[in-house]
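Working notes for the structure below.
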Ligand code: NM2
């Protein structure tokens, strides 16, 4: 155990912030929840525009970079082979960035839009149905994936091109903040990122645990209780801690591959045994609707809401802004992780690969799982909405699955899949948290005990909140915890452009004067 490798200021500061949230929330749960809710409303009500600008800006920026000279830069020396084949790469990327929440929202998001559609449309009308089938895909589509991809650029660049064995957000900001990366500003950046990720993980667990609990209840009949949910959290933690401990080339990779195979089976099953024609047509039509309306959806802030007397839907705050905030808190982590697994690819391959595979994966979930539920509702085979409004979303998800043939097999499989999905996000998250709270890596990996430490730390906040009955407060934890991350994102984009353009210019000058060139520019 090499304690000198730990970045103590970052490590301690992050824990201090975590406990300064956990302790007051434990002592004063109601007042704490009220403060958090007010902060959420304040941020989404006043700064929503920042999130939407960031989302759209990130997509445009990435498309620009991919097709510019900077996009041809190879991550590694000219002859470096890709460290992972494309299947494993895409599987790891998807499994890291997407957790159990896609099973939750993929199945049920349409039901919320159907009852509370955007743009002042009448609830449960035909227009509402069309938007209900499209909006989920949009919230998990190219803009969301652009938020994920943006931080990967500077991080991968410094790690493989400038060959710094450090996986830290502060390190990736160095071209802009210079020597301050080593001082308190650098620590602050890393701590804010860690705090954001803990918030994002809280949102994930607050949604995922009750759903897994409903699945377990359905399979073995144990009623959903606090104790049972706590055991579920602990089992999940044990799984992802073990996977993180065994590292990227073993646990994390094996679990990600397994995850993708299982999920492909589930999706294929629902597609074939569900209403295949309806699913295909609705998915295709929704994609067209999104392409047609992407700017409208990506910029809709319901400005009239600030006019007194206007009956606001709050759709942008509740959905698009909340979603972008949630993607943003995860983004530096996914960026760090994507960077770590992308050795041997070019910036363009990494960027377009993430955008395309990520979006496609999410389209499959929403297209197949979501439209299956929608079909049940519209064909009146099962009243999903009625069931959801009475028993809650988690129970409705399991009830939808119960309509499938051999549901005695599908529901346990779905439950196990949710656990694996959660584990494959949290194993990489604890791996990356350990990397960030370390001064440097040994053999490309953070210390093992350190990974385990963060695995359990990820669980502290949700566990505490669950016992004081605040799991709902945590569902929006991403928003407050993630606000500062918006600025870190901008810093990261700037940093990448500055460093890579500087290096490209140096190379061009070196060519002109026939002196040495940089090794890593592939052409
Ligand atoms: N995102 C993709 O809970 C999860 O599935 C992890 C969630 C940010 C909405 C990520």
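Positions of Cβ are set from backbone N, Cα and C atoms, glycine also.
Nobody curates TrEMBL annotations by hand; they come from automatic prediction.
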Transmembrane segment according to TrEMBL, located in which of 226-248, 295-317: 226-248
Annotated transmembrane segment segment (source TrEMBL; candidates 321-339, 378-396): 321-339
Ranked first among 183-206, 226-248, 260-279, 321-339, 477-497 for CB pairs under 8 angstroms with the transmembrane segment (87-108): 321-339
Contact ranking winner - 260-279, 351-374, 452-471 against the transmembrane segment (183-206), Cβ under 8 Å: 452-471
Segment-segment contact (the transmembrane segment (452-471); the transmembrane segment (226-248)) at 3 or more Cβ pairs under 8 Å: yes
Folded-back contacts onto the transmembrane segment (260-279), same chain, C-beta under 8 angstroms, at least six residues removed: 91, 94-95, 364-365, 367-369, 371-372, 375, 379, 404-405, 410, 413-414, 416-417, 420-421
Within-chain partners of the transmembrane segment (321-339) [C-beta distance under 8 Å, separation at least 6 from its ends]: 43-44, 48, 51-52, 54-55, 75, 92-93, 96-97, 139, 143-144, 147-153, 155-156, 159-160, 167, 169, 193, 196-197, 199-200, 203, 350, 354, 428-429, 431-433, 435-436, 476, 478-479, 481-483, 485-486, 488-489, 492
Annotated stretches the transmembrane segment (49-67) and the transmembrane segment (351-374) touching (3 or more Cβ pairs under 8 Å): yes
Per Cβ pairs under 8 Å, the stretch of 143-162, 226-248, 409-432, 477-497 packing most closely against the transmembrane segment (351-374): 143-162
